[in-house]
Structure formats: C-alpha cells, structure tokens
C-alpha cells in the first residue's frame, strides 16, 4: 500500500502508537489522497518517530520539541494544497507546546492535529504528562502526581478548533474513520487519541479502557455538527460537558464540528485575493543568486504616519 514502509519500528510491544500509525496509513490510502501532497509532521517523544514510518512520496518532518504545530502551520500556509497531519504526545503538544496548541485554534488553519494521549513522557522514563490526573501514581512515579490534568477536548474547543474528536488507539477502524473525517473537514481538527503505555502507565491500560469506552454516535440524540450560527453556544456547551465525563464511562467519537468558521487560508485570501492562486510555495524567490522578491513597496504601503 502506498503509505506503508518496511522501516523497522522500535516502539515497545503493545504501544498505542502502532494503532495510531496504522489508522493514519489506512485513512490516507482509503481517501485516495495524492500521497505527494501529504506531509506528516511530528515533535519529540515516542510519537515523534511516526514520520519515519511513511513511505515516500509522503513527506515527513521531524521537528523540535513542542514546535510541530508551528512548523505545520508554516508548511500549510506556504502550500495550502497539501494535506498536513501533526502528530505529538500529550507532553509535546500540551506541555512545552501548549502555547502553539492554543494559538492554532484562533487561526483555524486547515490541518489535522493528532494528540497521542498516554499520561506519561514515555521517551524519558515515564514522568507525569499534562493529561495525567492529579493523585494518580503509575509505576514510573515515586509519588502520586500533584498537578491537575489538562482536558484536551475542552481546551481545543475553547481555543477555537472547529473539529474536535477523541479516539482509542486499540480501535483502529474507528480511529481511521475519525482521521478521514478530520482530513475532509475544512478547518483545524484535533483528535485526542487515548493510548495505553504498557511500559510506564500501569493505570490506564488496555483492560482499563476496554471496560469504560463507548462511542458517542450510539447516543440517539447526539449531533455534534453546527448547522447554523445560532447553534454554536449550545453545541459547545454539550461538547465540553461530555468531555468532562471520565471514570466508569469514557466517550469517544466526534465532540464538536463547525465548518461555518472561515479557515485561516480563507481569511488571508480576503486580504490578499491572489493568495490561493499564487501561494508562497509557487513564488520564485531568487534567480541566479539574486532575490526576486522585493518587499520595499509592501513595507511602504504599511507605513504609519
């Protein structure tokens, strides 16, 4: 298959990253996306290895710790024709990268962010990540965690993400469908993927999740899609309320979707009508060693007396 690679994979046996990788690969293939136009971006952590496991011509970009969203934003705005998928751990995206995570929601760039959510920093021996609940003590910690946890779903919705979902790494078929929906969505999409870390997190295990997870689309009255502006507040409230459900039952599926909000690309075009026809990736910036882009007139135009 076009997305798969024979590259040897050194994740721990049973790691949820295998399911996430598999779901991403299947989603890309089933959507029939031109693989030359797919870019997979990651930060640092166990999830950071994901770009290495996609076959060329899919492009992979392994970036700095916490900066995957920033890199991906630049890639997408330079060439809006690309399908850009960000992968990052809960520590990478919600710890050092939290500022970029929130700022991205205000822009609504048309790309997908996949959050690998296992409650620990798996690459550095299992320290508590921003999504580990206060008071929990996985085997990697000498004492219970004293910090409160971030709620990725609520944070994404309140920041402005227009597609917000939660998946489960061991339900690859369901996760694949969420990723396909996120790619097709026009705007910024987050998928918070619950994934067991069999090496360091002995609380949120496969057995623990299997007894609790249920799908939102099995609820008869669940409809996360905003169809008119008057519905926004109601849909947001329901989504955030449902995101707080954690314990005996944990919902997965689409929490919120709103395509009435213009993407960042559309907002740029409103100011620069030629943007989508003449994107930065198509522009010649130098010829025979000399710059062809002269910004002096642009700066002059924006001078303030």
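For all residues, glycine too, the Cβ spot is worked out from N, Cα and C.
Just so it is clear, the model here is predicted, and its values are computed rather than measured.
Database features, via Swiss-Prot:
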- 12, 15, 46, 197: [4Fe-4S] cluster binding site (BINDING)
- 44, 45, 46, 47, 65, 91, 92, 122, 123: thiamine diphosphate binding site (BINDING)
- 90, 118, 120: Mg(2+) binding site (BINDING)
- 125: site 'Plays an important role in the binding of CoA' (SITE)
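Location within the structure of each feature annotated in Swiss-Prot.
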{"residue": "15", "record": "[4Fe-4S] cluster binding site", "DSSP class": "coil"}
{"residue": "44", "record": "thiamine diphosphate binding site", "DSSP class": "coil"}
{"residue": "65", "record": "thiamine diphosphate binding site", "DSSP class": "coil"}
{"residue": "92", "record": "thiamine diphosphate binding site", "DSSP class": "helix"}
{"residue": "118", "record": "Mg(2+) binding site", "DSSP class": "coil"}
{"residue": "123", "record": "thiamine diphosphate binding site", "DSSP class": "helix"}
{"residue": "197", "record": "[4Fe-4S] cluster binding site", "DSSP class": "coil"}
How big is the Cα-to-Cα gap, in Å, between residue 65 (thiamine diphosphate binding site) and residue 46 ([4Fe-4S] cluster binding site)? 12
Residue 15 ([4Fe-4S] cluster binding site): which of the recorded positions 44, 92, 118, 123, 125 is the nearest Cα neighbour? 118
Same-chain neighbours of the [4Fe-4S] cluster site, Cβ within 8 Å of the mean position of the Cβ atoms of 12, 15, 46, 197 and not counting those residues, run in sequence order as 11, 14, 16, 17, 118, 122, 195, 198, 199, 200
Report the nearest neighbour of residue 118 (Mg(2+) binding site) in space among the recorded positions 12, 44, 92, 125, 197, comparing Cα positions. 197
Of 12, 90, 120, 125, which is closest to residue 44 (thiamine diphosphate binding site) if I measure between C-alpha atoms? They're all recorded positions. 90
Counting Cβ atoms within 10 Å across all protein chains shown, which of the binding-site residues 12, 44, 46, 123 comes out on top? 46
Among 90, 92, the one of these binding-site residues whose Cβ has the fewest neighbouring Cβ atoms within 10 Å: 90
So if I draw a 10 Å sphere around the Cβ of residue 120 (Mg(2+) binding site), how many other Cβ atoms end up inside it? 28
Compared by Cα position, which of the binding-site residues 12, 46, 92, 197 is the closest one to residue 120 (Mg(2+) binding site)? 197
Neighbour count, 10 Å Cβ-Cβ cut-off, for residue 125 (site 'Plays an important role in the binding of CoA'): what number do you get? 10
Cα distance (Å, whole number) from residue 46 ([4Fe-4S] cluster binding site) to residue 125 (site 'Plays an important role in the binding of CoA'): 11
Does residue 197 ([4Fe-4S] cluster binding site) have same-chain partners at least 6 apart in sequence with Cβ under 8 Å from its own Cβ, and which are they? 12, 15, 16, 118, 119, 120, 122, 126, 204
Residue 15 ([4Fe-4S] cluster binding site), number of other Cβ atoms within 10 Å: 23
For the thiamine diphosphate site (44, 45, 46, 47, 65, 91, 92, 122, 123), what does the 8 A shell look like? I mean other same-chain residues with CB within 8 A of the CB centroid. 43, 48, 88, 89, 116, 121, 124
Please find, for 44, 45, 46, 47, 65, 91, 92, 122, 123 as listed binding thiamine diphosphate, the greatest distance between any two Cα atoms, in Å. 14
